[in-house]
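Below you'll find the structure, written out as structure tokens, and then a few comments.
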Amino acid sequence: FTFTFYIFNKNTFTFSERIFGRRHVQCILCFFCLSLAYAWRVNLSVAIVAMAKSNDSETDSDSIFSVKVGLLSSSIYVKPITKCSYALQKYEVNSVQQGYLFASFFWGYVITQVPGGYIAQRYGAKMLLSVGITICAVLTILTPMSVKFGGWIGMCVIRGLQGLAQGAVHPATHVLLSKWSPVSERGMLATICYSGAQFGTIAMLATSGFIADTAMGWPGIFYVGGACGFVWVIFWRIFASSTPEKDRRISPGELKFIQESRSVGKMQEADHLAPTPWKHIFTSMPFLSLLVVHCTHMWGFWTLLMQIPNYIKSIYNIDIKSSALLSSLPYTVMLLLSFFFVFLSKVLANQKSLSTAFNRKLFNTIGHWLPMCGLIVLGYVPDATWGIVVLTFTVGISAATYLGFQVNHIDLSPNYAGTLMGITNGAANVMSGLAQIVVGSIVLNSNDIMQWRYVFFLAAGFYFIGNLLFLIFGRTEIQWWDSPLEDAETAEQGVPLSPAQMSK
């Protein structure tokens, strides 16, 4: 009797595994991976304030230096620990050099998007994220040394290398989700993973001042961040698996549940992955609409984060970046709303008459057209208080896109989700950079509210067009070019499945 019960229990997908199983463990690990990635992105924004301060009382009065980028800011005071401390050396950076420092990360980041997706598909997300985060952790720890021996150029090199190492994070996360997430849970699991970005940003804003106030000084921001990376890699190596089939701790019941519900197509083995169907990808209207909506989203979203604080300061003379609380408020609201939308999606999923396509398009509309309205309203708010309220709401409501276009790559092609994410995320990051250039060309006088309204209407237009195309052409069905032929011989040769064969 005992033996029979054991076998039954091992092969049954239990209630506790439905609530919290091995697939959730993978996503929680990805949550902290994204947290680290975004904390390392913004650590320079807060550390550079302390880097430029001298703790020598004779020179402190003329060495105060602050940098504020978008909503990222921190007021840091560093105690005078010892006069000869390496951490207390002063580094002054002018505005041009600041621009190169912040841009250098994205130069590397864009380059490795598509290769990162391909490598994750071929060799597994576990290996790629292990290597990428380890490299980033080492480079983060070496950042203070690069400043000492190479100045701002040395730091640019380090930041560029970090971008190269981090470029695969989003594509690899998508590859992992394509293997581990059932269709019914895909939006929820993706939200768990990608909400780590907001958590990491908030954590860096909240802790950097305290770290810089210790005996380590400003280098401590990089040392502690790098050390956290090594801790994450240890947990990742122990508990993560690229696929549920390779996981030694998963129960047969949960494995069967994932295999039967993650995709209606055929998941290819990494060793026998068919060649990437580039022609079919770039002639697929569902994918092209996904590419457009990702780019337009990034244009609007980064216009909000980078330009609205400048607008409120210029028009209403209120500097919301001077307060760490106000700086982190939009990210906090976005983090909280992301899980509210997960709850709402589960409620809607219980309505059997509502399809996955309806859910994707509903949440994408919430995450695009409500921010579109928020941008237009921002140009006419009567005072700074209302401006901050509208800004916080508009950024926070964008969390709905986690359940919209941001998981649609996996819907269209579970086998090539990493490559699709690499393409769209790479293009979208270029788009966000172009947005800042265009805004700078339009707003020649920051005190002219009409110029700001042109910016807001332009961003709102991008939001409108991107989501409209997604509503018309977006699909959630697996595309025919995703799956190989059913027979093993042609699958190993990498022959894609044709539309005619799909219909048989």
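From the backbone N, Cα and C atoms, a Cβ is placed for every residue, glycine too.
What you are looking at is a predicted structure, and each value in this text was computed from that prediction instead of being measured.
For 42-478, the entry in TrEMBL reads domain 'Major facilitator superfamily (MFS) profile'.
Look at TrEMBL and you will find 28-52 (among others) tagged as transmembrane segment.
Under the heading transmembrane segment, TrEMBL lists 100-120 (among others).
Sequence-distant contacts of the transmembrane segment (127-146), counting only residues of its own chain at least 6 positions beyond either end whose CB sits under 8 Å from a CB of the stretch, comprise 33, 36-37, 40, 43, 86-87, 116, 119-120, 154-155, 157-158, 161-162, 165-166, 168-169, 172-173, 176, 218-219, 222-223, 225-230, 232-233, 236-237, 240, 242. According to TrEMBL, the transmembrane segment annotation covers 127-146 (among others).
Per TrEMBL, transmembrane segment is recorded for 189-212 (among others). Tertiary neighbourhood of the transmembrane segment (189-212): same-chain residues 23-24, 27-28, 30-39, 42-43, 46-47, 50, 72-78, 173, 177, 180-181, 218, 220-221, 224-225, 324, 327-328, 331-332, 334-335, 338-339, 341-342, 399, 402-403, 406-407, 410, selected by CB-CB distance under 8 Å and a gap of 6+ residues from either end.
If you look up TrEMBL, you'll see 218-239 (among others) marked as transmembrane segment. Same-chain residues lying 6+ beyond the ends of the transmembrane segment (218-239) with a Cβ under 8 Å from its Cβ atoms: 25, 29, 32-33, 36, 39-40, 43, 46-47, 50-51, 76, 78, 86-87, 126, 129-130, 133-134, 136-141, 143-144, 204, 207-208, 211-212, 249.
The transmembrane segment annotation in TrEMBL covers 287-308 (among others). The list of residues near the transmembrane segment (287-308) in space but at least 6 beyond its ends in sequence, with Cβ under 8 angstroms from a Cβ of it, reads 69-71, 281, 330, 364, 367-368, 371-372, 375, 378, 387, 391, 394-395, 398, 401, 405-406, 408-409, 412, 420, 423-425, 427-429, 431-432, 434-436, 439, 443, 455-456, 459-460, 462-463, 465-467, 469-470, 472-474, 479.
If you look up TrEMBL, you'll see 328-349 (among others) marked as transmembrane segment.
Tertiary neighbourhood of the transmembrane segment (361-380): same-chain residues 187, 293, 296-297, 300-301, 303-304, 308, 311, 341, 345, 348, 387, 390-391, 393-395, 397-405, 449, 452-453, 456-457, 459-460, 463-464, 466-467, 470-471, 474, selected by CB-CB distance under 8 Å and a gap of 6+ residues from either end. Under the heading transmembrane segment, TrEMBL lists 361-380 (among others).
According to TrEMBL, the feature transmembrane segment maps to 386-405 (among others).
Under the heading transmembrane segment, TrEMBL lists 426-446 (among others).
Taken from TrEMBL, the feature transmembrane segment covers 452-473 (among others). Sequence-distant contacts of the transmembrane segment (452-473) (same chain, six or more residues past either end, CB-CB distance under 8 Å): 285-286, 288-290, 292-297, 299-300, 303-304, 307, 311, 314-315, 361, 364-365, 368-369, 371-373, 375-376, 378-379, 404-405, 435, 438-439, 442-443, 446.
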Restricting to CB pairs under 8 Å, which listed stretch, 28-52, 100-120, 386-405, is in contact most with the transmembrane segment (426-446)? 100-120
Excluding the flanking five residues on each side, which residues at least 6 beyond the ends of the transmembrane segment (386-405) place their CB within less than 8 Å of a CB in that stretch? 187, 190-191, 194-195, 290, 293-294, 297, 301, 304-305, 308-309, 311-312, 316, 318, 320, 326, 329-331, 333-338, 341-342, 345, 359-368, 370-371, 374-375, 377-378, 470, 474
Beyond the flanks of the transmembrane segment (100-120) by at least 6 residues, Cβ under 8 Å: 41, 44-45, 48, 69, 93, 128, 132, 152, 155-157, 159-172, 174-176, 276, 416-423, 425-426, 429-430, 433
